[in-house]
Amino acid sequence: MKDLPTDQNKQLSPRDILKSKAEKWQLNMASEEFARKLDQNDLLRHFREEFYYPTNDSHVQDEKSHANANNECIYLCGHSLGLQPKRVRKWIDVWLNDWAKLGVRGHFEGSNPFSDCDNRCIPTLNSLVGAQNGEVAISFYRPTSDRFKILYEERCFPSDEYAIESHLKLHQVDSTAGKVILRARQNETYIRTEDVIELLKEHGDSIALLLLGGIQFYTGQLFDIETITRVAQQYGCVVGWDLAHVVGNVPVKLHDWNVDFAVWCSYKYLNGGSGGVGGIFIHSKHFDNEYPSLNGWWGNRKETKFLMKPNIDRDCGAKGFRVSTPSIHQCATLAASLEIFDEIDINELRAKSKLLKSSSNIKIQILTPDDPEQRGAQLSLRIINVNAREVFDELTRLGVVLDIRNDVIRVAPTPLYNSFMDVYRFVSLFKTIQFTSSQTKQ
């Protein structure tokens, strides 16, 4: 934001920055005029034009929808599926044309050889996750009689829990004895870092693997990845992170923080499209380790991949854990989005993200930590004394796109394409619906 110097911004909380702007412009922070002024002074606002923005369906009541002049909906669901970059068609057309003209020769010829399609995405991903060459593209769970437990957070994403359960069964470890579950304190909504450390003190010597979501998918809490990694490794634990809600949302430094491994998807904040390719990080300190793995042809070194040898000539680092040929279509959509990320500083996105959420000013129970450093773009809102599904359905009817998990509505103003007016429109509708619903209950 151009009104305050960068060094001064670092000394102020997002809320203080907004107050300073409101005083300077002599505007009410809760007003539409203030939101419009913030958008006018947002140096990142032009990136919104890089994306297709969904429009309202015919069932939306235009007089109440708060839609803008283009009848665009209020899309606050980037934590679930990012919007489509307009550059996607160009990237896909290039590969489709090569496929049409070259056939199988497209693996090695053309402007973007198929055999190299995933490598095009790696440099930008290296920058976003703080990795070195070869660390981004396992079987890190290696239980012993004394160290066999896996530590993970309660209500983690189901895929993580399924993977944990599968590995325990694979290694014939009792499911109950092999799990250490991290929980929030009674009557609290998110997990304190000190409680993670206490659990490590209690069980650290028997924990083989710590696997946490960098941002908890349900509450939106951003864990202190650096601190937790350091302490867990002091107790001899291997540390892995599920960064599905982190990459493209919050800057991280996986190599510098000595993280052993991490995984993520590309369809949320990376805008790679539904079912997009996943990513892995393996710290370079593990490159020479002979971890057991399920090898696949694509894990061969590029130089020997097409020699079809009976034994794998495994590539170095994360690339060696690739199994099968990546989809050129999925790599194209991801490459199109990463091209946009190349034009922006992730720290600038993070700064805008903090301001977007601080401008919401919603008076409701928020499961996500209030501290801006402990959350990303997502806010998890718990609806009290009102049926959450009814509120969600009404917001949807009026043109707001978000999602719901049980009694929690998840909202994520994504700084790459959301505006302050998006947040203002959502808050206005939310307050109206909440008040109307509470009055109806009385």
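Glycine residues also receive a Cβ, built from the backbone N, Cα and C atoms like all the rest.
According to TrEMBL, the pyridoxal 5'-phosphate binding site annotation covers Ser139, Phe157, Pro158, Ser159, Asp160, Asp242, His245, Tyr267, Trp297, Thr325. Sequence-distant contacts of Trp297 (pyridoxal 5'-phosphate binding site), defined as residues of its own chain at least six apart whose C-beta falls under 8 angstroms from its C-beta, comprise Lys305, Val323, Ser324, Thr325.
Taking Cβ-Cβ distances under 8 Å and a sequence gap of 6 or more within the same chain, the neighbours of Lys268 (N6-(pyridoxal phosphate)lysine) are Gly78, His79, Ser80, Leu81, Gly82, Ala244, His245, Gly248, Asn249. In the three-state DSSP classification, Lys268 (N6-(pyridoxal phosphate)lysine) falls within coil. Summarising the annotation, TrEMBL assigns N6-(pyridoxal phosphate)lysine to Lys268.
The candidate set comprises the binding-site residues Pro158, Asp160, His245. Of these, His245 has the most other Cβ atoms within 10 Å.
Following the DSSP three-state reduction, the secondary structure of His245 (pyridoxal 5'-phosphate binding site) is coil.
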